[in-house]
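**Student:** Here's a structure for you.
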Amino acid sequence: MSLLAGEEGPAAQSGWGHDHERKGFFTDTSICIGCKACEVACKEWNRNPIDGNLEILGSSYDNTGALGANTWRHVAFVEQGRERIEEARESGRKLVSLGMPGIGPKSSGARGATPAGDLSQVDRTPPDTPEFRWLMSSDVCKHCTNAGCLDVCPTGAIFRSEFGSVVVQQDVCNGCGTCVSACPFGVIERRDDGTVSPFAVREEEDPRRGTASKCTLCYDRLVDGEEPACSATCPTQSITFGDHPDLAEDAKQRVADLHARGMTEARLYGTNPKDGVGGTGSVFLLLDEPEVYGLPPDPQVPTKSLPKTYARTGLAAAGMVAAVALSFLGARR
Amino acid sequence: MSLTEFDADRPPEKPRRRRGDGRRRRRRGLGEIGMGDGSREGAVVEDVEFERADEYGSYYGRPVVKAPPWKAPIAVYLFLGGVAGGSGLLAFGAQCTRRPLLRRNARLVALGTVGLGTVALIEDLGRPERFLNMMRTVKVTSPMSLGTWVVGGFASLSGVLGALEVDRMTGRKLPLGPLRPLLGAAEGPASLGQVVLAPLLASYTGALLGNTIVPTWEAGRGHLSYLFASSASLAAGGAAMVTTPVAEAGPARLLAAAGVAGDVVSMHRMKESMHPLEREPLETGTPGKLLTWAERLAVAGGIGALLGGRSRVVAAASGAALLTASALTRFGVLNAGLESVKDPRRVIEPQKARLAARRAAGITDDSITAGG
């Protein structure tokens with residue numbers, strides 16, 4: 001990681017180093033039933049307006065569309081046939097044989113080294129592959145370790161809470177929109193049409209109008225010792241809330257269990273602290289490639305290469321000064 | 001009735017009984033749905049075409065990342081900020097080489113453009129009344145924050161210098177009173193400050209757009225500052241050629257020509273460095289057209305400045321062409337970025353490619369997806 005992102009430099013001081021344990025979500029999509037209770041609970045608790053106009057989007061049971069200013073939980077629905085399932089199994093198996101950290105028997109080597117015993121050859125084919133399957137996954141703000149939105153916010157409206165979550169102060173944000181383009185997951189968005197109750201009398205002014213808006217990990221509930229609305233309501237415990245290290249441990253255990261049952265399509269998303277965003281606070285267990293769920297396959301926080309970008313800016317400025325100086329020296333009267 | 005391949009797995013359905021004479025019922029508005037007049041329960045949902053997710057390499061072809069809510073005012077700001085920065089440098093050079101007309105005009109152009117640019121910037125905020133919240137903090141990780149301070153500083157200094165020039169033009173008629181000697185004494189420090197901030201004002205916008213995950217801008221990270229500084233140079237040169245008599249505008253013509261060369265070269269190098277999917281928005285559609293015309297006008301203006309710059313008419317026409325070229329460049333680059341997020345392939349394919357490249361190079365421990 002560079003000077004402006006990671007464990008060193010100014011980003012490291014942005015709200016870390018307090019007594020609370022970092023909190024987060026573990027979303028296990030293998031037991032999600034697509035009931036959308038999380039979406040509803042989120043909207044109710046946070047008083048978020050609806051997106052769109054109740055139209056049917058024609059994408060399985062997903063009529064929400066995507067995460068955005070008004071939608072802080074989004075359940076994705078994907079229908080797949082046997083061929084695609086087999087591809088997912090193969091790609092998940094490959095991830096293990098690449099030597100991703102943490103799976104299988106403990107290796108004695110360095111972190112990230114290929115685990116002892118080559119797992120890629122182990123026959124873990126389940127007795128049958130289903131004809132088709134439904135992937136359901138509740139997506140949410142990732143609360144990144146190196147959060148692009150927090151880094152680029154020019155007003156300081158976005159801060160790192162004592163729970164390790166990334167929260168927008170709605171009364172400070174002036175709606176410049178820089179954070180929207182700094183989120184590698186397309187989560188945060190500016191709420192431009194802000195009414196709390198779209199079909200009712202629009203007397204109530206939305207205090208979040210014109211400001212950036214996203215999941216707060218229910219900051220208001222956390223300070224009262226409650227868990228977030230979505231995980232509290234999830235009927236299958238697909239969404240679990242807790243201390244981040246425990247969740248990461250649970251996630252690894254769960255993926256190992258699934259692999260042992262032959263479901264090699266299972267993989268983790270966001271548990272690796274060495275990834276482009278320093279690991280995420282919300283980790284996911286996915287059953288296919290991330291892009292199938294609308295997640296980026298290799299997100300990188302833009303701040304990571306900012307020192308290099310600044311260097312180019314400096315060079316460009318110096319070049320411009322030189323060009324002006326030469327123009328004055330070279331010009332005849 | 002929806003049809004997917006999976007319907008083959010379902011038991012056969014009895015045909016639906018049609019009501020009345022079998023005519024298609026009219027589409028009903030949201031208000032009528034459900035209870036409607038209360039006499040019967042209506043069909044809540046019209047027939048819908050369903051799509052298969054695996055026809056896409058993404059989630060139903062929906063965008064993975066979001067574009068910033070930046071519209072035309074931001075492109076206008078990028079253009080005006082560039083003109084202001086370049087004019088600041090020209091004004092300082094003119095002051096040092098005793099070109100009073102060029103100095104005066106460049107200072108006034110700098111003040112006018114930075115003022116209008118700031119208005120455009122504020123106009124595009126979601127809550128313009130909170131503009132001053134930008135001044136709560138200085139953040140090195142935020143090009144927007146640093147840029148705001150650069151703009152603010154440059155605008156203040158330009159205000160001082162502009163007031164001075166207007167006072168001189170009007171024969172000391174501004175009601176400055178006891179402030180006049182102070183203003184006179186501030187000229188030296190103010191112009192020094194202006195010349196320090198000017199090149200940063202012109203080039204920081206490259207970092208502002210580059211420090212995003214918008215595919216086309218992200219891919220252009222290493223080149224946008226060069227492109228914008230060049231575009232600012234040719235625009236400021238053009239503005240001076242329009243406003244200033246040819247006798248004093250020699251340096252402006254040279255700067256404009258240098259800017260054109262830098263603009264054309266950096267644009268081509270930027271495009272070459274990109275994944276084809278990231279480059280596409282710069283070359284197709286409306287942004288592609290804007291950028292094609294930007295290049296044509298810039299080259300024409302540059303040639304005009306070098307060959308016919310000693311004629312007042314040709315100089316003014318070339319200057320106008322250069323200003324237009326710079327504006328088109330900013331609109332083109334901004335809109336190409338906004339366009340590039342609409343197709344998720346522009347995000348997914350380059351990311352998969354760079355992940356695969358790292359894996360091929362033996363780096364397997366930095367992927368966000370892990371086997372366990």
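Using the three backbone atoms N, Cα and C, a Cβ is placed for every residue, glycine included.
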**Student:** With A:Cys141, A:Cys144, A:Cys149 listed by TrEMBL as [4Fe-4S] cluster 3-binding, which of these, A:Cys183, A:Cys218, A:Cys230, is given for the same site?
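**Tutor:** So the [4Fe-4S] cluster 3 site in TrEMBL includes A:Cys141, A:Cys144, A:Cys149 plus, from the candidates A:Cys183, A:Cys218, A:Cys230, A:Cys183.
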**Student:** If TrEMBL says A:Cys215, A:Cys218, A:Cys230 bind [4Fe-4S] cluster 2, which of A:Cys32, A:Cys35, A:Cys42 does it name for the same site?
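**Tutor:** Site partner of A:Cys215, A:Cys218, A:Cys230 for [4Fe-4S] cluster 2, according to TrEMBL: A:Cys42.
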**Student:** I'd like to know which binding-site residues lie near chain B: of A:Cys32, A:Cys35, A:Cys144, A:Cys149, A:Cys183, which have a CB under 8 A from one of its CB atoms?
**Tutor:** A:Cys183
**Student:** Express the predicted model's confidence over the domain '4Fe-4S ferredoxin-type' (A:164-193) as a mean pLDDT, rounded to an integer.
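**Tutor:** Averaged over the domain '4Fe-4S ferredoxin-type' (A:164-193), the predicted model reaches a pLDDT of 93.
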**Student:** Given a Cβ distance threshold of under 8 angstroms, which distant residues of the chain, six or more beyond its ends, lie next to the domain '4Fe-4S ferredoxin-type' (A:164-193)?
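**Tutor:** Residues 15-16, 20, 22-24, 49, 66-70, 140-144, 147-158, 206-217, 219, 222, 244, 276-277, 281, 295-296, 299-303 contact the domain '4Fe-4S ferredoxin-type' (A:164-193) from elsewhere in the chain.
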**Student:** Taking residues 6+ outside the domain '4Fe-4S ferredoxin-type' (A:132-163), which of them lie with a CB under 8 Å of any CB in it?
**Tutor:** 1, 4-6, 11, 14-16, 18-20, 22-25, 27, 29, 32-34, 38-39, 60, 67, 72-82, 85, 169-170, 172-174, 176, 178-180, 182-185, 187-188, 211-212, 214-215, 217, 219, 222, 230, 234, 238-239, 270, 273, 277-282, 284, 286-288, 292-295, 301-304, 306
**Student:** Hey, how far is A:Cys35 ([4Fe-4S] cluster 1 binding site) from A:Cys183 ([4Fe-4S] cluster 3 binding site), Cα to Cα, in Å?
**Tutor:** 27
**Student:** Specify all same-chain residues, apart from the site residues A:Cys32, A:Cys35, A:Cys38, A:Cys234, whose Cβ lies within 8 angstroms of the center of the Cβ atoms of the [4Fe-4S] cluster 1 site, ordered by sequence.
**Tutor:** A:Ile33, A:Gly34, A:Lys36, A:Ala37, A:Val75, A:Ser138, A:Cys230, A:Thr233, A:Pro235, A:Thr236, A:Ser238, A:Ile239
